[in-house]
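Just below is one structure, and these are the notes that go with it.
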Protein chains: 4
Amino acid sequence: MDIIAPVITPFRNGKIDLDLYAEHIRNITAKGVDAVFVAGTTGLGPALSVEERKALLEAAASVARRVIFQIGSLVLDDAVALAKYAERFDAVEAVASVPPYYFPRLSERQIAKYFRDLCAATSRPVYLYNYPAAVGRDVDAKAAREIGCLKGVKDTNENIAHTLAYKRLMPHMKVYNGSDSLVLASFSVGLDGVVASSANYVPEALARLREAVARGDVERARSIQFAIDEILEAARPLGYSSAVYELVEIFQGYDAGEPRPPIYPLDPEEKAWLKAAVAQAKAKLAL
Amino acid sequence: MDIIAPVITPFRNGKIDLDLYAEHIRNITAKGVDAVFVAGTTGLGPALSVEERKALLEAAASVARRVIFQIGSLVLDDAVALAKYAERFDAVEAVASVPPYYFPRLSERQIAKYFRDLCAATSRPVYLYNYPAAVGRDVDAKAAREIGCLKGVKDTNENIAHTLAYKRLMPHMKVYNGSDSLVLASFSVGLDGVVASSANYVPEALARLREAVARGDVERARSIQFAIDEILEAARPLGYSSAVYELVEIFQGYDAGEPRPPIYPLDPEEKAWLKAAVAQAKAKLAL
Amino acid sequence: MDIIAPVITPFRNGKIDLDLYAEHIRNITAKGVDAVFVAGTTGLGPALSVEERKALLEAAASVARRVIFQIGSLVLDDAVALAKYAERFDAVEAVASVPPYYFPRLSERQIAKYFRDLCAATSRPVYLYNYPAAVGRDVDAKAAREIGCLKGVKDTNENIAHTLAYKRLMPHMKVYNGSDSLVLASFSVGLDGVVASSANYVPEALARLREAVARGDVERARSIQFAIDEILEAARPLGYSSAVYELVEIFQGYDAGEPRPPIYPLDPEEKAWLKAAVAQAKAKLAL
Amino acid sequence: MDIIAPVITPFRNGKIDLDLYAEHIRNITAKGVDAVFVAGTTGLGPALSVEERKALLEAAASVARRVIFQIGSLVLDDAVALAKYAERFDAVEAVASVPPYYFPRLSERQIAKYFRDLCAATSRPVYLYNYPAAVGRDVDAKAAREIGCLKGVKDTNENIAHTLAYKRLMPHMKVYNGSDSLVLASFSVGLDGVVASSANYVPEALARLREAVARGDVERARSIQFAIDEILEAARPLGYSSAVYELVEIFQGYDAGEPRPPIYPLDPEEKAWLKAAVAQAKAKLAL
C-alpha cells in the first residue's frame with residue numbers, strides 16, 4: 001500500500017523554486033513517501049505552463065524513484081507533448097490525467113476519446129485522475145472500463161465504495177484514493193494506496209497510520225486519521241490549496257515557498273490562526 | 001461490531017403480516033443479525049401509521065433480544081407517543097429518528113428542538129437516523145454534538161469519513177453506517193457496526209464478512225462486499241425498496257410478502273430479471 | 001394568469017382552527033387570490049392526517065370558488081380516498097399530488113404508476129405537484145408526458161425554463177410555477193399563473209404585480225418582486241414554513257395561528273427580528 | 001436589451017482561423033447581435049493561450065463596435081496582461097472574468113482578491129462572469145457586492161431570480177443572463193440583455209424574440225424560445241461546445257471551422273443526426 005505525495009509546487013515571486021521542490025521531495029520520501037504525483041491539483045498543475053510542468057518532472061525524476069506525472073490539459077497537443085516528454089525518465093511509472101475540466105458540455109464520447117488519444121501517444125501506463133469536485137464530471141468505474149486502456153486511477157472522492165468499484169470491475173488496475181480524510185479507510189479496505197496532500201506535511205504520520213493498519217491496530221490508526229481530520233477542518237476554510245504550504249512549514253519546519261495567484265498565499269493573520277488551530281493535532285501526532 | 005437489520009415490513013393486501021415479520025426476524029437473527037431496526041426506511045416506516053408501528057415493535061420485541069425503534073414523524077406528538085410506547089419493551093435499546101423530512105424550509109433551531117423534545121420524552125437513549133438522500137438535510141457530527149442529548153447515530157451516507165466524524169467528536173456515541181456498499185469499510189475502520197438492508201437477505205454473508213475483517217483477511221472480506229455490490233447494482237434500478245422483498249425470497253427461500261403502494265412490488269418481469277441478474281453473486285456467496 | 005394561494009393551515013394547540021382557515025381564505029380571495037391550493041407544502045399537507053385534510057377541503061370549498069386539493073401520500077389508498085372525497089365538491093377543479101417522497105429508491109415505473117392510479121381513481125383532473133427540493137426527485141416535462149394522464153402541473157422549481165418545458169411539450173396543460181421568487185418571471189413568460197406562498201401575506205402585491213406585467217410596466221412589476229425577495233431573504237433563515245404564519249400577521253394584521261411541531265412556531269425573538277427585517281419591504285409595498 | 005454573442009473560436013488543424021472569426025462576427029452583427037463576448041466558454045477561452053486570446057481580441061475589435069473580453073485565467077499575471085492589452089481597443093467596453101476555476105479549495109477572500117486585482121489593473125469596467133456549472137463556485141449577488149468594484153455580470157445560471165438579484169442589490173450594474181433557455185425570461189423581466197451562444201447560429205431569431213417581447217407578443221416570443229429549446233435539447237447530448245460549430249453551418253450556411261481537441265468536433269454520424277434533429281426547429285424559425 002503506497003503513500004503517494006501530490007507534491008506542492010513552491011513559487012518565489014511567480015517563479016518555481018526547483019531546488020526547493022527537489023529538497024522537499026527528498027525530505028518527504030525519506031520520511032515514508034513511496035512515490036510522488038507531479039503537477040496534480042496540490043501541485044497546481046492546471047495552473048502551470050507546459051514548460052513549467054516539464055521542469056517539475058525533471059526535478060522530481062532526479063530525486064524520486066517513483067513518479068506519476070499529471071499531464072491533463074485543455075489542449076490535447078500539450079497533454080500529448082507532456083506524455084511523450086515523460087518517456088525520457090525511467091522514474092515515471094505512469095502518466096495521469098484529469099478529464100477535460102471546466103467545459104461542462106462535453107459528451108462521454110469526447111471524454112473517452114481524450115483518454116484513448118493519451119494512451120495512443122505513450123508507451124507508459126495511463127492513469128485516470130478522477131476528481132469530480134474540481135472537474136465537474138465523474139468518470140466512474142464503468143466509464144473507465146469502457147475507455148479500455150487505463151491502467152490505474154487516482155479517485156479523489158469521498159465515497160470509498162466509488163473507489164473500490166474500479167478494483168471490482170478491473171482487478172488489475174492500480175487504484176488509489178485521493179482524499180486525505182479517507183486514508184484510514186483506503187488502507188483498511190486494501191486499496192493500492194493513497195495520494196494524500198497531507199503527505200507533504202505529515203508523511204511520518206501517514207507511515208505510522210499504514211503500519212497501524214498493517215498490524216491490525218485500528219484504534220491507533222484511527223487516532224492518527226482523526227488528528228489529520230482536525231488539521232483539514234482548520235485549514236479548509238482558509239483555502240486548502242494555499243494552506244498546504246503553511247502546513248509544511250508548521251509540521252516540517254522549513255519554508256516551502258508560496259502558491260501563485262490567484263491561488264493567493266495565506267495572509268499573516270491566517271497563518272497565525274492556522275498555526276494555533278493545528279497545535280493540538282500537532283501535539284497528538286507528536287512528530 | 002454489530003450487524004443490525006433494518007427489517008422489511010411484509011404486507012399482504014395492504015395489511016402487515018405480523019407472523020411473517022416475526023418469522024423473518026427469527027430467521028435472520030439465527031443467521032448472524034445482532035439487532036433489528038424497526039420501522040426504518042427499509043421497513044417503510046415513514047409510510048406506516050402509528051398503530052402499525054406499534055404493532056411492528058411488539059412483534060419485534062417478542063422475538064429479538066435487541067431492538068432499535070425508529071419513531072421519526074412529521075407530527076411530534078406521534079413521535080413522542082411512539083417513544084413512550086417503546087418504554088414498555090425491555091428489548092428496546094434505543095429509539096431512533098430521522099430529522100423532520102419533506103419540509104426543506106426548517107431552521108437548524110427547529111431540527112435541534114425536535115431531537116431535544118424526543119430526548120425529553122423518553123428515558124431510552126435517542127439515536128439520530130441521518131439520511132440526507134431521503135430527508136433532504138444533513139445533520140452532521142457538529143450539528144449532532146450541538147443537539148447534546150443524542151446517544152447514537154445511524155448515518156446512511158456514502159462518505160465513511162462523515163460517519164467517523166461522529167465518533168471523533170463524540171467518542172461515547174454508538175456510531176453505525178447505513179450503506180450496504182460500505183459494510184467492509186465500516187467494519188474495517190472500527191465503527192460500532194452497520195445497519196444494512198442486505199441483512200434481510202444475506203445475513204450469513206455479512207457475518208462472514210465481519211469474521212474476515214476480524215481475522216485480517218481483507219481479500220476475503222472484499223470479495224463478499226463485491227458480491228453484495230453486484231446485487232445492489234442489479235436491484236437499484238428496479239426500485240431497491242421493493243427489490244429487497246424479492247431478494248429475501250431469492251436468497252433465503254421464503255416468500256417475504258410485499259411492500260405497500262406507492263412502493264409497488266416488482267412486476268413479474270422485474271422479478272425474473274432480478275433473479276437472473278443476481279445469480280452470479282449468489283453463486284459467489286455460496287449461501 | 002392565476003394567483004393561487006397555497007393556504008397555510010392554522011393550528012391552535014395541535015388542532016386545526018377551521019374557522020380561522022376559512023376566514024383567512026375569505027380575506028385573501030377578496031384581495032386578489034383566484035384559487036386556493038389546499039394541503040400543499042405551505043399548508044403542511046404531508047404532516048396532516050387524512051381526516052384533517054378532508055376537513056380542510058370542506059372548509060375551503062365552502063368559501064373559495066376554485067380549489068386545487070393536494071392529496072399526495074405515502075399510502076396510495078389514502079391518496080385515492082382523498083381523490084374520491086374531492087368529487088363531492090364542485091369547487092374542486094383539480095386534485096394535485098407530489099410524487100411519493102422520502103423514499104429515494106423508487107423506480108420511474110413506480111412513480112408513473114402512482115400517478116396513473118390516481119388518474120384512474122377520479123374523474124377530476126390530476127395535476128402533478130413537482131417539488132424536487134422537498135421530494136428528492138424531479139418529474140420533469142418528459143417524464144410527465146410519459147405518464148400520460150396529467151392535466152396540469154405546479155412546478156416548484158427555480159428554473160423557469162424547466163417549468164416552461166411542460167407547456168412546450170404539452171401545450172394543453174395548465175402550468176404553474178411555485179416559487180415566490182419567480183412570480184414576475186412566471187407572469188412575464190405567460191405561464192397560466194403562480195402558486196405562491198406569499199399570496200397568504202401579500203395578495204394585494206401579487207395582484208398589482210400581475211397588473212403591472214399586463215400593462216407592460218416591467219419596472220413597477222420588478223420593484224414589487226424585489227420587495228417580495230427581500231421578505232423571503234429575511235424569512236428563510238428562520239424556517240420559512242413557520243415564518244409564513246408570522247408574515248400573515250405582519251402584513252394582514254390578524255393572528256394566523258401556528259404551525260404544528262416539528263414545524264415549530266417562531267420563538268418571540270425570531271418574531272421580533274422578522275418584523276423589523278421586513279419593515280422596509282412593507283413600506284415599499286405600501287399595503 | 002442587448003443580444004451579445006459569445007463568439008465561437010474557429011480552428012483549422014489546431015490553429016485559429018482569424019479571417020473566418022472576423023467574417024463570422026460580421027455576419028452575426030449584421031443580423032442583430034449588438035456586442036461580442038470574446039474568449040468566453042463558447043469561444044473556448046479557458047483552452048486558449050494568452051497570445052491566441054490577444055489575436056482574437058484584435059480581430060474582434062476590428063469588426064465589432066462593442067466587445068467584452070473574457071480574460072479569466074489560473075495565472076493572475078496572464079489575466080492582468082490581457083486586461084491591459086484590452087485598453088488598446090476602443091471597442092472594448094468591458095473585460096470580464098470567470099472566477100478562478102478548477103481549484104475547489106479557494107477561500108472567499110481569495111476569490112474577492114482576484115477580482116479586486118483585476119479592477120486595479122485596468123481602467124476598463126470589470127464584469128463578473130459567473131458560471132457555477134463550469135467553475136464549481138457561485139459568486140452570487142451578495143458576494144459580488146462585497147467585492148465592490150464590479151460593473152457588470154454575465155450570470156450563466158438557470159435561475160433567473162439569481163440573475164435578477166444582482167440588479168436588486170446593485171441597480172447600476174449591467175446584468176446579463178447567459179443561458180440560451182432563458183432568453184425569453186431575460187428579456188421579459190427587463191435584464192440588460194443576454195449573452196447567448198445561440199446568437200452564433202440564430203441571431204435573427206433572437207432579434208425577433210426581442211422584438212416580440214418589446215411589443216408584448218409573449219405568444220410569439222415563446223414560440224421562438226421553444227424552437228431554440230428544441231435545438232438545445234438535440235445538441236446537448238452530443239457535446240454542446242462542439243455542436244455549436246455545426247449549428248452555425250446548419251443555420252447560417254457556412255463552414256464555421258472546428259473546435260480544438262479535447263473539445264473534439266462532432267463526428268460525421270453526429271453531424272448528420274444533429275441536422276435531422278433540428279430540421280423541425282429550423283422550419284419553425286423559418287430563417
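Placement of Cβ uses the backbone N, Cα and C atoms for every residue, glycine included.
Nobody curates TrEMBL annotations by hand; they come from automatic prediction.
What you see is a predicted model, and the numbers here were worked out from it, not measured in a lab.
Residues annotated as active site, proton donor/acceptor in TrEMBL: B:Y129. The Cβ neighbour count for B:Y129 (active site, proton donor/acceptor), using a 10 Å radius over every protein chain in view, is 29.
The Cβ neighbour count for B:K154 (active site, schiff-base intermediate with substrate), using a 10 Å radius and every protein chain shown, is 29. Taken from TrEMBL, the feature active site, schiff-base intermediate with substrate applies to B:K154.
Residue density at B:T42 (pyruvate binding site): 28 other Cβ atoms are found within 10 A of its Cβ, drawing on all protein chains shown. Per TrEMBL, the feature pyruvate binding site maps to B:T42, B:V195.
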Between B:K154 (active site, schiff-base intermediate with substrate) and B:V195 (pyruvate binding site): CA-CA distance (Å): 7
Secondary structure of B:T42 (pyruvate binding site) (DSSP, helix/strand/coil): coil
Neighbour tally for B:V195 (pyruvate binding site), based on other Cβ positions within 10 Å of its Cβ: 30
Cα-to-Cα gap, B:Y129 (active site, proton donor/acceptor) vs B:K154 (active site, schiff-base intermediate with substrate), nearest whole Å: 5
